[in-house]
Amino acid sequence: MSFMSRVLLGVNIDHIATLRQARGTRYPEPVQAALVAEQAGADGITVHLREDRRHINDRDVELLAQTLQTRMNLEMAATEEMVVIACRIQPPHCCLVPEKREELTTEGGLDVVGNKAWIAQCCQRLGQAGIEVSLFIDAEESQILAARECGAPAIEIHTGGYADAQTIDQQQQELARIRSAVAFALAQGLIVNAGHGLHYHNTLAIAEIPGINELNIGHSIIARAAITGLDEAVRSMRSLLDTV
């Protein structure tokens, strides 16, 4: 694979902060984890600043913005508070995601069709701040078209249905749906990323989809890091993507 066509790896470090918050300690330090991930081959670092600050907090985001050698992708809800924070910190990338306080993790894609006016306004304000905006959406043509109409240059396809499939047939159906959505989005001129629920045994099929720009992967890497160490966990995922 040529370097120019390689699938980028965004490492989500939210669960480093989850471990810290479990005891209310100062450790482990998300910034330290981010730097290790970068050195191990991550192309970027993803963090989700949730409205309830259940893991990543404002201080983490500010320090990461000052210290990362690659780039930060800030996941956030499409709220006034988060848009103001992002415009102040100015990360290179923002991904607008749906958010519910009661959920354990993001449960589905953003409903761009049903909230087009507000999301378009968010995209405009973030874009004017020099931030490349992506929208985390399900693999549906209507949502892809709405994302383009909102002025978002990129989307992130929600791969949760594929990752959570209970049978091989169901998984293959979800994979076909994602492939079709990626091709459709590329035809609309969008940058296409993907993520959610990806791990060492299901990522390759997504990475092999033509036109995929970046995969954002977190929980599985941090889970493996608890056993093997973060450097090895990131290198293993990077090596997996490099086989494409």
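Glycine residues also receive a Cβ, built from the backbone N, Cα and C atoms like all the rest.
Small disclaimer: the values here were computed from a predicted structure and weren't measured.
In sequence order, V11, N12, I13, D14, H15, T46 are the residues of the chain that are 6 or more apart from G218 (3-amino-2-oxopropyl phosphate binding site) and have a CB within less than 8 Å of its CB. Per Swiss-Prot, 3-amino-2-oxopropyl phosphate binding site is recorded for N12, R23, G197, G218, H219.
DSSP classifies R50 (1-deoxy-D-xylulose 5-phosphate binding site) as coil under the three-state reduction. Around the Cβ of R50 (1-deoxy-D-xylulose 5-phosphate binding site), the same chain contributes I56, A77, E99, each under 8 angstroms and 6 or more positions distant in sequence. Among the features that Swiss-Prot reports, 1-deoxy-D-xylulose 5-phosphate binding site is placed at D14, H15, R50, H55, T105, with the record citing sequence analysis.
What Swiss-Prot records for H48 (among others) is active site, proton acceptor.
Residues or ranges marked as active site, proton acceptor by Swiss-Prot on the basis of sequence analysis: E75 (among others). The DSSP secondary structure for E75 (active site, proton acceptor) is strand. Here the Cβ of E75 (active site, proton acceptor) has 26 other Cβ atoms within 10 Å, regardless of which shown protein chain they belong to.
Around the Cβ of E156 (site 'Transition state stabilizer'), the number of neighbouring Cβ atoms within 10 Å comes to 29. The feature site 'Transition state stabilizer' is assigned by Swiss-Prot to E156.
The active site, proton donor feature in Swiss-Prot is assigned to H196. The Cβ of H196 (active site, proton donor) has 26 other Cβ atoms within 10 Å, all protein chains considered.
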Pairwise Cα distance for H196 (active site, proton donor)/H219 (3-amino-2-oxopropyl phosphate binding site) [Å, integer]: 9
Reduced DSSP assignment, D14 (1-deoxy-D-xylulose 5-phosphate binding site): helix
When distances run from the Cα of E156 (site 'Transition state stabilizer') to each of the recorded positions R23, H55, E75, G197, the nearest one: E75
Entry from the recorded positions list R23, H48 having the most other CB atoms no farther than 10 A: H48
Integer Å distance between the CA atoms belonging to E75 (active site, proton acceptor) and H48 (active site, proton acceptor): 4
